[in-house]
Amino acid sequence: MTDRKKLLRSLDGEVQKVPPIWMMRQAGRYLPEYRATRAEAGDFLSLCYNSELAAEVTLQPIRRYGFDAAILFADILLIPDALGADLWFVTGEGPRLSTIETMEEFNKLKPADEVHDHLAPIYETVRILSRELPAETALIGFAGAPWTVATYMIAGRGTPDQAPAHKLMREAPEVFDALMDRLTEATIAYLSMQIEAGAETVKIFDSWAGSLKGEAFTKYALEPTKKIIAALKTKHPDTPIIAFPREAGDGYIGFAKATGADCVALDNSVSAAWAAEHVQVDGCVQGNLASSHMVTGGQALVDETREIVQAFSKGPHIFNLGHGITPDADPENVQLMIDTVRSA
């Protein structure tokens, strides 16, 4: 019997009868204890930068559910904040940022290696969690991928089709490429410090990768992820890395080999059976239950969960949702999912 944590064993390539389980956004508004702590912090950004409270909300779903991993509570837009972009959150609408559309605006950003003072509270959160998590619980750090973060910085907000970023890519490629390079370097620096602070694995979230097609997907989703992973592996060769090019479709095929990722996370737009045949052949996969099941529950949740576990049973697998859990989820449905996975 090994004492290596279940999540890390899957990332090592081990096939486990009962896969490790955690959820994207497992610390979130669906939990009453999270809502209470967020109210104490005052606002979302204050919660991210308050190391003690950020650690507390990270620990809450571990106490309640006993997940096999905790993911650092933070936000993908902390890097632009640290680079000097203005960032604020509008209640009910989400993030707002100062826009980067010209070289003059880009040149106001800080160099990538100057983000650490601003992000010091995040590293302290990681250190607290390293001390306080149960011995069997793995700690996941994370960052947004350069493309996804760039879409917010260019538009100044989330957009349904990422049109402003695509427009800048075509009309001012020198500005777009400079921003992508800056974000790539800042992401390397940020994740490396998370690992040094105690993160046992890190995940790169490319939430809008699916809006890139063909050569653009290769250049702006795959290649930056590859560069980040190569830099991290040079400095931290024993730290496994999870990549999530959400809604990549056929782009999931070969993504692990092309980027050097130890695991590819899958959204629920691809079936588990398809992914087992085309993606899991290269190693560990993570996913991919539709988050809507956390709202509706019932036998459909049980059946789909069992189907996913079975589909991925012949290779290394981490059970997760295909996207983050939503605020309207029922905490009891989360427990039902966990019980189903662990009794599979």
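For all residues, glycine too, the Cβ spot is worked out from N, Cα and C.
Just so you know, the Cβ of HIS323 (substrate binding site) picks up 22 other Cβ atoms within 10 Å once every protein chain is counted. Among the features that Swiss-Prot reports, substrate binding site is placed at ARG25, GLN26, ALA27, GLY28, ARG29, ASP75, TYR152, SER207, HIS323.
Around ASP75 (site 'Transition state stabilizer'), the same-chain residues six or more apart in sequence whose CB sits under 8 Å from its CB are PHE44, LEU45, CYS48, PRO95, listed in sequence order. According to DSSP, ASP75 (site 'Transition state stabilizer') sits in a coil region rather than a helix or strand. Among the features that Swiss-Prot reports, site 'Transition state stabilizer' is placed at ASP75, with the record citing sequence analysis.
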Measuring CB to CB from ARG29 (substrate binding site), give everything in the same chain under 8 Å that is also at least six residues away in sequence.
ARG35, ARG38, PRO327
Cβ atoms other than its own within 10 Å of the Cβ of TYR152 (substrate binding site), all chains, total 28
Given a separation of at least six residues and a C-beta threshold under 8 Å, show me what packs close to ALA27 (substrate binding site) in the same chain.
TYR34, VAL57, THR58, GLN60, PRO61, ILE71, PHE73
